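See below for the structure under consideration.
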Amino acid sequence: MVKKALYLAGGGARGAYQAGVLKAIGHILQAKTLPFDMVSGVSVGSINAAVLVENADDFPAGLDKLESIWGEIHCQQIYKASNYELGKSVMRNLSTLIIKQRQAGHLLDTSPLRQFLDETIDFSRIEQNIAAGHLDTFEVLTARYETHQTISFYDHYQPDFEDWNYPRHSSQRATINAQHILASSALPLFFPPIHLDGFHYGDGSVGLGTPLRGAIRSHVDRIMILGTRELPEFTDPETLRNGDIAFAHILGNMMNGLFLDNLDRDIEMVNRMNEIATLLSMWKKRRSPWRPITTLHLRPSRDMASVAQEHFQSMPALLRYLLNILGAKSHSGDLLSFLLFEKEFTRVLLELGYQDTIASADEVTAFFN
């Protein structure tokens with residue numbers, strides 16, 4: 001039996017694109033149950049992943065739920081976004097810095113996200129669906145700050161499935177709950193770190209060098225990757241010379257590197273290993289631990305930063321003002337695209353994800369056949 005994994009990358013509000021892709025996959029396959037043996041998610045991808053696994057026994061219901069979430073979302077569901085709450089958060093950070101001589105470590109209050117997860121996802125159903133064999137593995141990637149490690153929290157239908165450990169990336173069996181999702185989604189600088197099992201955790205994309213390791217270690221044959229960044233185009237650097245650069249542009253580049261660059265490298269590594277495997281003799285192939293893995297990377301056809309800039313006015317007023325000071329409106333939409341949890345923006349991404357995937361229907365069908 002061919003084992004298939006789904007990897008959902010991070011990207012803040014860009015996660016709406018993944019919901020559109022999944023809706024199209026449902027349209028193409030007409031599957032009644034989850035068509036993947038493993039689901040892995042990081043950051044916002046872990047939220048989408050949790051909804052899928054919660055509804056692994058009813059794939060269409062999971063897709064409808066994702067579309068409803070992203071089609072009606074507001075910043076207030078993710079972080080306290082009123083002028084008063086944002087102002088209070090900024091003052092709290094400043095007072096902590098001045099009075100206690102230490103930084104608070106985050107800008108936004110994400111207590112609404114916890115409430116949103118508790119109200120939206122039935123985590124007991126996740127455990128039930130894994131135990132019932134509707135999928136083998138659910139993985140949530142986090143960053144443990146104290147040990148500078150990526151920790152892959154996972155649940156597996158086999159009780160004797162063994163953890164794996166590398167210097168910078170380890171797995172840990174767990175009954176996945178809202179706390180793990182919050183940890184994986186704790187965007188550095190903006191969202192507070194999450195205290196779990198005596199350690200502090202943050203967005204799983206931090207220091208994530210090998211995002212596909214969990215899938216590879218689970219011995220899957222195929223990995224579908226849902227990215228949140230368009231394929232980079234070569235641009236003549238001479239056309240981009242500028243006398244100044246906005247802070248938002250720098251932060252946007254940091255976020256892109258945090259969420260997206262290592263994924264491209266990991267996919268390239270898998271493809272390179274596949275190429276090397278084809279050169280091995282039949283005798284060596286039998287002795288090699290490497291199994292060829294087919295990958296399909298579905299990614300946006302449009303620049304999400306520019307789409308976000310078109311919807312800048314949808315951002316809560318005070319946060320819009322702060323981002324404008326940083327230069328997010330006129331210089332870089334990358335940072336904006338991570339924080340713009342507003343339906344005016346996410347509905348565009350939903351439709352984009354759907355249309356992009358319908359255009360790739362032949363590749364999607366080939367992946368599952």
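Any Cβ shown, glycine's included, is placed from N, Cα and C.
TrEMBL annotations: computationally assigned, not manually curated.
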Of 26-30, 41-45, 301-305, 326-330, the range TrEMBL labels motif 'GXSXG': 41-45
Matching range for TrEMBL feature annotation, motif 'GXGXXG', among 10-15, 202-207, 238-243, 286-291: 10-15
Alpha-carbon distance [Asp203 (active site, proton acceptor); Ser43 (active site, nucleophile)] in Å: 6
Secondary structure content, the motif 'GXSXG' (41-45) (per DSSP, counts of residues): 2 helix, 2 strand, 1 coil
Outside the motif 'GXGXXG' (10-15), six or more residues from its ends: residues with CB under 8 Å to it: 42-45, 47-48, 70, 73, 187, 203-205, 227-229, 255, 258-260, 304, 308, 337-342, 345-346, 349
Winner by Cβ contact number (other Cβ atoms within 10 Å) across the active-site residues Ser43, Asp203: Ser43
Overall pLDDT for the motif 'GXGXXG' (10-15), taken as the rounded mean: 93
